[in-house]
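Visitor: Can you keep this structure in mind? I'll have questions shortly.
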Amino acid sequence: MTDRSPFETDMLTLTRYVMEKGRQAKGTGELTQLLNSMLTAIKAISSAVRKAGLANLYGISGSVNVTGDEVKKLDVLSNSLVINMLQSSYSTCVLVSEENKEAVITAQERRGKYVVCFDPLDGSSNIDCLASIGTIFAIYRKTTEDEPSEKDALQPGRNIVAAGYALYGSATLVALSTGQGVDLFMLDPALGEFVLVEKDVRIKKKGKIFSLNEGYAKYFDAATAEYVQKKKFPEDGSEPYGARYVGSMVADVHRTLVYGGIFMYPANQKSPNGKLRLLYECNPVAYIIEQAGGMATTGTQPVLDVKPESIHQRVPLILGSPEDVQEYLSCVQRNQAGR
């Protein structure tokens, strides 16, 4: 093992990575501008999250967002940061946010060709107890010549140009894919830059962890109940799966990516259409997981194949290691056949 200097002289920062990808694609530079603006917003949100207690940013703002969640002060700040940074990149035309009832249309003089769907601060109900939270985003090209409208955002996840998430935990991390695998970058606070820490991440074929909110067991359908029972009490005498659930989707998904296993937010009696939003929660993480060799399904079809009908549409989400997700789908098929 060779000695390494504590100071890297040829580090691959995320800014450099994005520029290199743009050069390789012989693009116009708009996507590069867009991604760099998104990264600036993420750095600002990371700083705000770490200062939240000192800056009086804990607590609720007194309103409820379009999907029925209480809006936290940090939600409002993060949403404004992302919108302002993306619009000032001169590369977007339509923005869809969890916090806005309608799509945000970029002013004509600032318009570009990209549509961005994002959740500025996922897991914000965990802010006050200092649990990990995150930012999620997916980028699409506008496919029509018409005036920009929210219809431009109603594209299946297969059309994603780039997607990723930021995780604000013990460190700030970005997972990013531009369609050629998944790379992980860690924020170096001394440099103020994201630095590559893992290239072409691959999820395990099979894991040892299942993740879902068992508090809703009363409402589980037969397939979900059967699958969870199999993980807790294996019929073949093998070791049971470990149970892990943070309640912040980015944290749960990232753990699943790193350690393998399965993350589940299936449909149930209480939420027959699922609870997570397709455009800015499910599609981005499904894209990341698939790019890493995993699977993401609604239980009836791949998440990325769903054709959205509205910008805040909800769908069930089951993702993770391919063998684990396939086992869940076998439970679904078996229960459907038995009806």
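The backbone N, Cα and C atoms fix where each Cβ goes, glycine too.
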Visitor: Name the residue, out of Glu98, Glu99, Glu102, that Swiss-Prot lists for the same Mg(2+) 2 site as Asp119, Leu121, please.
Guide: Glu98
Visitor: Which of these ranges is annotated motif 'Nuclear localization signal' in Swiss-Prot: 204-208, 234-238?
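Guide: Among 204-208, 234-238, the range Swiss-Prot annotates as motif 'Nuclear localization signal' is 204-208.
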Visitor: Quick check: of Lys113, Lys275, which does Swiss-Prot put in the same substrate site as Asp122, Asn213, Glu214, Gly215, Tyr216, Tyr245, Val246, Gly247, Ser248, Met249, Tyr265?
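Guide: So, going by the record in Swiss-Prot, that would be Lys275.
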Visitor: Under 8 Å between C-beta atoms and at least six apart in sequence, can you list the same-chain neighbours of Val18 (AMP binding site), or say none if there are none?
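Guide: Listed in sequence order: Thr32, Leu35, Asn36, Leu39.
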Visitor: Under 8 Å between C-beta atoms and at least six apart in sequence, can you list the same-chain neighbours of Leu31 (AMP binding site), or say none if there are none?
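Guide: Listed in sequence order: Gly22, Ala25, Ser91, Tyr114, Ile139, Val161, Ala162.
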Visitor: If you measure C-alpha to C-alpha, which of Gly29, Tyr216, Val246, Ser248 (binding-site residues) come within 10 angstroms of Glu98 (Mg(2+) 1 binding site)?
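Guide: Those close enough: none at all.
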Visitor: Quick check on the binding-site residues Tyr216, Tyr265: which one has the highest count of other Cβ atoms within 10 Å of its Cβ?
Guide: Tyr265
Visitor: Can you tell me which of the binding-site residues Asp119, Asp122, Glu214 is spatially closest to Gly29 (AMP binding site)? Compare CA atoms only.
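Guide: When the Cα distances are compared, Asp119 comes out closest.
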Visitor: Within the motif 'Nuclear localization signal' (204-208), how many residues are helix, strand or coil going by DSSP?
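Guide: Across the motif 'Nuclear localization signal' (204-208), DSSP assigns the residues as follows: 0 helix, 0 strand, 5 coil.
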Visitor: Using the Cβ center of Asp119, Asp122, Glu281 as the Mg(2+) 3 site position, which other residues in that chain lie within 8 Å, going by their Cβ?
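Guide: Near the Mg(2+) 3 site, beyond Asp119, Asp122, Glu281, sit Glu98, Phe118, Gly123, Gly134, Thr135, Ile136, Met249, Val250, Leu276, Arg277, Tyr280, Pro284.
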